[in-house]
Amino acid sequence: MAAVVEGLELEKAGAAEDTAGLAVQTVDAKPGPPPVLAGNWLNLDLYPGGCHRLLHLCAQQPSPLLQVEFLQLSTHENPRLLETTLAQVPWSQLHLRSLVLKGGQSRGALGACLRGTLTTLPTALSGLAHLVHLDLSFNSLETLPACVPQLRGLGTLLLSYNHLSELPEALGALPTLTFLAVTHNLLQRLPTALGALATLQRLDLSENLLDTLPPEIGGLSNLSELNLASNRLRSLPASLVGLQSLQLLVLHSNLLTSVPAGLAHLPLLTRLDLRDNQLRNLPPELLDAPCVCLQGNPLGEASPDFSTRSGTPQDLEMPTLFLTSDVNSFPVTPQGCSVTLACGVRLQFPAGATAVPVTIHYRLWLPEPSLVSLGPHDSLLSGVLELWPHGVAFQQAWPDVSLWLLFVPPRARRCHEVVVRTRSEDSWRDLETHLEEEAPKRLWAHCQVPHFSWFLVVLRPVSNTCIVPPEGTLLCSSGHPEVKVIFPPGATEEPRHVSMQVVRMAGRELRALLGEPEASVSPLLCLTQHSPAGFLCPVTVQLPLPPGVTGFSLDRSRLHLLYRAPPAATWDDITAQVALELTHLYARFQVTHFSWYWLWYTTKTCVEGLARKAWERLRLHQVNLIALQRRRDPEQVLLQCLPRNKVDATLRRLLERYRGPEPSDTVEMFEGEKFFAAFERGIEVDADRPDCVEGRICFVFYSHLKNMKEVYITTALDRETQAVRGQVDTEVGPPPAAWGETRALKPYPPQVSFYRGSVPREVPQEAEAARQKKGADALWMATLPIKLPRFRTSAGHRQGPGLSLVPLNLGDAETGFLTQSNLLSVAGRLGPDWPAVALHLGLPYHELERIRHKFRDDLDGQIRHMLFSWAEHQAGQLGAVGRLVQALEKSDRRDVADEVRAVLELGRHKYQDSIRRTGLALKDPTLPGTSS
């Protein structure tokens with residue numbers, strides 16, 4: 001087989017026929033492994049070498065292809081080999097009913113689905129008289145092959161994720177077409193003949209560049225679903241009110257300023273999605289319609305002043321896109337655009353930023369050490385935004401792309417600054433950043449980006465930089481003007497880029513560390529340069545003397561100049577190696593290499609070890625750990641790591657809904673330090689979570705971000721039958737008088753323990769040894785008692801009377817799926833809150849009363865009946881999972897909403913290995929596949 005590929009790559013294009021003949025001969029000579037042929041279904045996209053397998057079948061006599069009705073072939077092949085293979089298939093002799101020629105099975109280094117190499121189809125393919133299903137998704141088609149409109153029996157046509165800029169008028173000649181999907185393309189207009197598709201029932205044109213619709217679209221008399229989300233539509237044709245069969249109309253993330261009032265009178269319409277448009281006024285019949293979604297529109301607001309945040313006029317013709325959470329990409333054309341992502345990030349592409357249309361993908365990652373680059377005294381203020389394709393460069397003659405990132409306001413900004421940090425090739429660098437305040441505690445970091453990569457917002461000590469010329473210069477600290485670096489003439493032959501950071505340590509922390517009332521230190525100075533070479537002549541550094549010390553009264557034997565020596569990162573006392581020049585307020589010394597410098601005044605003689613401890617103390621954060629259980633549902637446990645000064649206020653806010661033990665003792669943690677929570681003594685995590693490793697919930701501590709997770713626990717112990725007289729009361733507050741006696745009755749209550757570092761293989765059942773070993777390197781940090789959750793039998797959930805839980809997959813490939821098991825888990829969490837969730841899901845009140853009456857003695861039956869009956873009605877509808885999450889949040893059950901999101905995220909992780917393929921039942925080949 002390798003000989004075939006090499007031959008095809010080495011031959012010239014004009015020798016295609018000879019190459020095809022050689023391919024067939026080679027396949028005959030070395031047939032290779034047999035293809036996957038099961039009855040009338042031939043699946044060639046699961047294994048490599050699909051083209052060779054298909055050629056092998058074509059060469060056999062009689063050809064096994066004559067019995068095939070369902071054929072799937074991956075287009076991740078050599079382009080010439082793929083073209084040759086398709087030309088060799090005797091299409092007119094086949095009885096195919098379904099043909100899938102799609103890419104997307106392979107993924108790039110960043111996990112994005114790769115498009116196949118298919119750019120055209122042979123004309124002989126029009127001879128497939130029995131074909132009803134054609135899937136050409138995830139390919140490189142720029143025009144629709146001419147043979148496609150000639151497939152008169154076609155019922156489903158999937159063209160998503162290609163490069164189509166228009167559709168031919170001949171497409172209107174397909175008399176039996178019922179489903180057409182052309183999402184994620186570059187369509188700028190639609191053919192007028194589209195209105196002639198009288199049998200069309202589902203039309204998906206989302207994620208394109210459409211700015212107008214032809215009036216003929218109103219002629220689609222049988223159309224039940226129309227998706228035009230994420231385009232550039234500013235208005236809709238009045239003919240849309242003629243779509244009397246329409247049930248679902250999706251128009252979110254466009255530029256609509258008005259919609260026809262007659263849409264409210266469509267007799268079968270169950271959902272009209274107008275979210276994230278520019279609607280300021282709507283007819284009353286649309287405002288009051290229960291099926292209309294209007295979130296993200298400036299209803300009732302005055303017309304805006306079209307100006308950008310940077311103060312430059314905005315082109316009124318520049319498209320504006322508002323993406324929802326189920327969209328992870330958007331198109332950018334040479335016209336430019338303004339984009340608001342679902343996570344709140346904003347981007348603006350000026351006209352001419354790109355020479356050709358580009359599809360930009362994004363993802364907001366949870367911060368973790370592998371994605372976050374922090375200096376010793378930096379703090380993370382945001383999640384990690386990834387934009388790809390990485391390295392996409394914009395036109396240099398035009399302004400750079402603007403980026404606005406939301407970040408958490410830092411608690412203290414004295415002598416610190418907020419910057420956007422990005423990865424450029426193999427290194428990280430900080431961009432020039434401007435802060436903009438939209439509302440109290442809602443801040444934006446605005447910067448210009450020359451390329452796409454990873455971006456995050458960081459709080460760092462103020463950095464002062466300069467270019468050192470051969471003539472010399474002076475560099476001063478803006479936060480500490482007394483700190484200076486003097487570069488004499490001749491210090492360098494070529495201009496060098498140098499920077500300075502200054503960090504101050506509180507005197508009380510140092511005195512507590514040393515146990516010496518008169519000890520003091522100067523600000524900590526960090527000097528860096530881009531060149532690895534030292535300076536040609538000494539550079540003079542000026543530091544202020546430690547507070548309370550003057551040059552006329554100090555004892556020079558107590559003054560120590562410390563230097564942090566790379567790469568060992570140890571602190572060395574270099575006082576005897578340099579000439580310290582002292583004035584009344586300052587100390588000056590000369591260096592030839594840059595690093596960290598610190599001036600200490602203490603009676604201690606060996607200060608290197610103390611300097612290391614003080615260095616660590618500057619980077620440590622004092623925190624407390626809490627574990628609370630929800631009052632209505634003790635199976636739900638909230639775990640959080642809080643700064644010590646925020647514990648009381650947080651507990652006051654949470655105690656209305658949660659209860660639990662007192663917070664842990666104060667522990668110290670580094671920025672970006674990993675830790676985890678382990679449930680012990682019969683308690684287990686009751687969920688399949690991506691952050692759960694061997695039953696331990698993993699955390700990464702960032703001082704300004706919310707280090708909080710809510711998990712569900714279960715136990716094999718029967719709380720109702722097992723004696724629990726020794727159960728510890730875990731209410732927040734002073735322990736009861738008989739606390740010690742209670743512990744004596746039950747020596748091993750269930751608990752959750754917090755540990756540092758990586759997950760050990762076995763969490764010790766008893767933490768007594770770790771409790772006694774409170775050194776800085778101890779893994780154990782804290783243990784908090786919890787109550788036993790409700791008993792859950794091994795048989796799972798009990799079904800209520802009259803309720804049949806049929807298997808289902810609620811959702812879609814892009815937003816994720818919820819299975820029957822997932823919905824059962826959600827149902828088990830709702831408890832008495834289920835009526836509020838039902839009302840937010842759109843169930844009428846009389847239906848709630850009917851469910852209450854039917855299951856009047858079974859709360860669980862009420863919840864499951866409501867949830868599963870709603871899910872069955874949502875089968876096949878877009879955005880069902882998103883509506884469930886919104887209903888949970890509106891019902892103040894954000895905890896369950898977060899669990900649903902975690903399940904979806906886990907499903908997307910598992911989905912990374914291979915894209916979901918179209919499934920066609922043998923008995924019903926006309927079922928539409930999916931376009932993604």
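Note: Cβ is positioned from N, Cα and C throughout, glycine not excepted.
Look at TrEMBL and you will find 326-461 (among others) tagged as domain 'ZU5'.
Using a 10 Å radius centred on the Cβ of H451 (active site) and all shown protein chains, the other Cβ atoms total 17. For H451 (among others), the entry in TrEMBL reads active site.
What TrEMBL records for S453 (among others) is active site. Residue density at S453 (active site): 18 other Cβ atoms are found within 10 A of its Cβ, drawing on all protein chains shown.
Per TrEMBL, the feature domain 'ZU5' maps to 462-603 (among others).
Taking Cβ-Cβ distances under 8 Å and a sequence gap of 6 or more within the same chain, the neighbours of H593 (active site) are G534, F535. Residues or ranges marked as active site in TrEMBL: H593 (among others).
The active site annotation in TrEMBL covers S595 (among others). For S595 (active site), the same-chain residues that are 6 or more apart in sequence and have a Cβ closer than 8 Å to its Cβ are C526, L527, Y563, R564, A565, P566.
Under the heading domain 'Death', TrEMBL lists 819-904. Across the domain 'Death' (819-904), DSSP assigns 68 helix, 1 strand, 17 coil.
Mean per-residue pLDDT, taken over the domain 'ZU5' (326-461), amounts to 84. Here the domain 'ZU5' (462-603) is broken down by DSSP into helix, strand and coil counts: 14 helix, 61 strand, 67 coil.
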